[in-house]
Every structure is written in structure tokens, then in C-alpha cells.
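Participant: Attaching a single structure in C-alpha cells format; questions to follow.
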């Protein structure tokens, strides 16, 4: 059985050798990549300013196997998505959620991670959510452009649990978590990998108050109609669930 972190059960690919794809699709090419490195451990910067993370390791490994190069450009989150949607970039990755809205302008790889959304507070801010009706008592924030807005708009708002107009939006998770720490925000929406990074690696005293389990999938984004997407899916299949999960798990520790 595939682990929840490797959602490749629905891959359906035509029979085509990896060498045929490599020779005709990406071998010798330089792929333009758009990133927004503010979603650890999917993509972020080390203390010395170097890009690192799950997404970079995955796509660099793919490119190494296919003998291509990466030309990486940093953007704000919306700019990153706009770059790949417009064709300015061939690829985008930074822990990008696969959504129906985005699929209208972007092609996605098969998901490599089945994601959960956490509502977190500072540990000393004793918030108990017995049910979602209590959400309206609290301020909620998260980085702009994230898939949490879809969850609120399509699920929480119609049920009267929370209004999208009440959400506080921030440039990145860093600003979101800073406001949470400073007491200017009650709850932050934060995805599972980022939650464990802040809690376990950055030692931020936060606690989960509610979990929306397995509501999200992360994938690599490609410009519409790109054959590179199909080759990347083939590469994922070649690696197998165990190897991909091993890469993901190594960044979660």
C-alpha cells in the first residue's frame, strides 16, 4: 500500500521508455523554474541563503537523471504561479497545492504528498475547538495565495463557520507565525510539513487546535500542455513510492 505521503495510485501513463522521453523532451535543455522559497521543508533558504527542500531535491534528481539543467528564478507566491501559467516558466515548485482553479491554467504532476491543514495557536494561548462553530470567536491568518482560502470559501463559509472576509493575509509563513507569536493573531492555518518544521526544527511553542486531515495534495506545476509533466510523472513511477517517501521523510525529521 502506498504511504499517504506519496499519492501516486492514480498514475495512468502510456507505455513509453524513459530514454525516449529523455532524448526527445528534456535532454540537454535548460528548464526555467519559478519558485517562492517560503514553505519549509518543501522549499526554503538555508542560513547562508541557499535554496533547499523536498521539491528541489525531487526535481533536481529528475533533471539529473534526464541530463537537463535548471534556471531558477524567485518570485512572490502569486508571481510564481503567474510565471508558469503564462509560460514564462516551464516549471514551478514550492509546496504547491493542486486545486481545480489552478488546474484551469496549470498542469500538475501526480501528487507526491497527501497533505493536511492545521489550525495552530501558541501553546500558552489555551484554545479548545470542540466544534467548528467556535471558529468565529478567533482571528485566523495565513499567507496569501494559499489553498486555505478554497477550504474556507467552499466548506467553512457556506456552513457559517468562518467568513473569508475575516481572514488576515500575510506575505509568507514567517510573517504569519511572527504575528501569532506576538499575540496579534489567535490561529494560523499551516500545512502539515510546515507545522512540523516550525514545531520540531525551529522549536516554536505552537500547538495544533484542529486538523483538516488529508484534504490537500502537493504537486509540481507545469505550463499547460507541457510534455515535461508526463516525463516527470514517469520518473516518479520509476522511483517508486518507497524512494519518494524516503526523500520526503528525510526532510521531516
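Including glycine, each Cβ sits where the backbone N, Cα and C put it.
Under the heading D-alanine binding site, Swiss-Prot lists 95, 97, 102, 147, 191. The feature signal peptide is assigned by Swiss-Prot to 1-22.
Mind mapping these onto the model and telling me what they sit next to?
Facilitator: Taking all protein chains in view, 25 other C-beta atoms sit within 10 angstroms of the C-beta of residue 95 (D-alanine binding site). In three-state terms derived from DSSP, residue 95 (D-alanine binding site) belongs to an extended strand segment.
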Participant: Counting Cβ atoms within 10 Å across all protein chains shown, which of the binding-site residues 97, 102, 147, 191 comes out on top?
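Facilitator: Answer returned by the neighbour count: 191.
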Participant: For the D-alanine binding residues given in the record (95, 97, 102, 147, 191), what is the largest pairwise C-alpha separation in angstrom?
Facilitator: 18
Participant: Where does residue 147 (D-alanine binding site) sit in DSSP terms: helix, strand, or coil?
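Facilitator: SS state of residue 147 (D-alanine binding site) = coil.
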